[in-house]
Amino acid sequence: MRKDTVSLYQRIVGCGMSISCFVFFALSLAVPSGYSYGAAACVIFALAGVGLCRHKTWSTELKALCAVMVLMGLIWGLSFDGWWSWTGSDYLFKYWLAALCLGVAYQVGVHAGSAVWGCALGGAGALGIAAYQYLVLGWSKATGHTNAIQYGGIAMYLGIATWAMASFGAWPRRQSLLLWLLGGCGVLASLLSGSRGAWVVAPLLLAVVLGVMWHHGQGRRAMWTAVGAALCVAAMVIPAAGKFEARVDQAMAEVPLYWDHPQQGATTSAGQRLEQWRLALRMGAQRPLTGWGVSGVVVQKQKMVAAGLAHPSVLEYGHAHNEILDMWAKRGLIGVAVLLAFYAIPLAVMWPTRTRLARAPPVQRPALLAVRVAASLLPIAYFGFGWTQVFFAHNSGNIFYLFSLVAFVGCIRWLEKPQGVRPG
């Protein structure tokens with residue numbers, strides 16, 4: 001194939017991947033299974049562009065990301081109930097397709113605006129659904145098209161990631177203000193979900209953003225970002241302060257109730273989580289290397305409840321309401337090690353070091369810093385959400401994590417190249 005033909009084909013695939021990634025973020029919470037449309041389009045364009053990856057050199061960072069993605073898919077595929085026993089889920093297939101998309105996105109590039117404005121509009125779409133459910137339907141919690149916890153967590157990430165990109169990107173003032181407004185939509189949608197796990201993680205994400213600013217010599221900007229975020233959150237919380245205070249008070253009352261009266265406390269929201277954690281910790285310790293297996297955990301739970309060693313409330317859910325402890329009980333140390341790598345490797349690859357920022361032309365470095373910070377927040381957010389919810393037990397949690405990584409890798413690659421020779 002002629003060189004100019006290959007270049008044109010690469011641009012077409014790159015354009016398709018950019019549009020797909022934008023749609024992925026923008027529709028992620030706005031419509032039922034919204035994250036699936038952009039992800040499916042990414043797969044289609046990746047399959048079309050797989051030939052572009054031949055005879056190409058992959059960076060060590062990309063190899064590490066692809067490897068941990070493939071390995072994590074294998075872990076989800078194996079049930080650990082016996083040698084080479086399989087769960088029958090399609091996660092293995094999805095993870096390996098996402099790894100393929102990762103490689104193609106790296107080669108063709110993804111326009112940075114796909115992530116920036118995709119996340120921003122994703123937050124706005126989340127608020128649209130939340131406002132309808134909360135104000136029109138009169139629901140006490142906005143659940144979107146998933147459940148309140150998944151919805152609230154992803155919405156919070158979209159909002160704070162947009163704020164981060166607004167703060168670092170050196171945008172014109174109007175665009176920056178618009179990004180702050182749209183980011184606030186995502187945060188407000190999360191608040192309306194009543195998802196306390198997302199509320200707890202939010203200060204951690206903001207602290208990371210401010211820490212990166214200080215590290216890169218942007219102390220004054222960090223101060224104004226902190227003030228802006230505080231004012232935005234206050235404007236959202238104060239009108240419904242009673243509701244948020246009630247949710248916090250409820251948790252503060254349920255935890256000591258569980259410790260003082262376990263049988264009574266295990267029926268509450270916080271108490272049930274604590275009972276699930278206690279049981280998962282104990283079960284994992286019984287088989288520390290490989291765990292009980294996906295089916296074995298269910299059987300062992302029933303036995304322990306029948307023996308009076310756990311409250312019957314633990315049988316209501318198929319997971320432990322804690323990502324690490326759930327993996328510990330089902331797949332032991334092997335699963336926990338891969339899960340931690342699935343958080344740590346993307347964070348290590350995406351983290352905005354000065355050396356990595358120097359790869360981009362000077363004019364692109366603010367945007368590259370913005371995208372790298374938003375990308376770094378993703379594994380941190382998921383790690384935090386995972387303390388009170390098994391995010392990877394749900395399709396939305398898996399697909400959003402996987403294809404957000406695909407989009408961010410493509411955007412970083414696009415920004416690191418001079419304008420005249422950018423892929424895609």
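Backbone N, Cα and C atoms are what each Cβ position is placed from, and that goes for glycine too.
A quick note: this is a predicted structure, and the numbers were derived from the prediction, not measured.
According to TrEMBL, the protein has these features:
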type	residues	note
DOMAIN	186-340	domain 'O-antigen ligase-related'
TRANSMEM	12-29	transmembrane segment
TRANSMEM	35-53	transmembrane segment
TRANSMEM	65-86	transmembrane segment
TRANSMEM	92-108	transmembrane segment
TRANSMEM	115-136	transmembrane segment
TRANSMEM	148-170	transmembrane segment
TRANSMEM	177-192	transmembrane segment
TRANSMEM	222-242	transmembrane segment
TRANSMEM	332-349	transmembrane segment
TRANSMEM	369-392	transmembrane segment
TRANSMEM	398-415	transmembrane segment
### Task
Average the pLDDT scores across the domain 'O-antigen ligase-related' (186-340) and report the rounded value.
87
#### Entry: Contact ranking winner - 12-29, 35-53, 65-86, 148-170, 369-392 against the transmembrane segment (115-136), Cβ under 8 Å
12-29
### Query
Looking only at residues six or more beyond either end of the transmembrane segment (12-29), which have a C-beta under 8 A from one in the stretch?
35, 37-39, 41-42, 44-46, 48-49, 52, 101, 104-105, 108-111, 113-115, 117-119, 121-122, 125-126, 129, 144-146, 151, 154-155, 158, 189, 400, 403-404, 406-407, 410-411, 414, 423-424
### Same-chain residue ranges lying at least 6 outside the transmembrane segment (398-415) that approach it to Cβ under 8 Å
14, 17-18, 21, 24-25, 28, 35-36, 38-39, 42, 62, 65, 69, 76, 91, 94-95, 98, 101-102, 105-112, 114-115, 118, 154, 346, 350, 360, 364, 367-368, 371-372, 374-375, 378, 382, 391-392, 422-424
### Task
Could you pull out which residues elsewhere in the chain have a CB under 8 Å from any CB of the transmembrane segment (35-53), counting only those six or more residues past its ends?
6, 9-10, 13, 16-17, 19-29, 97-98, 100-101, 103-105, 107-108, 396, 399-400, 402-403, 406
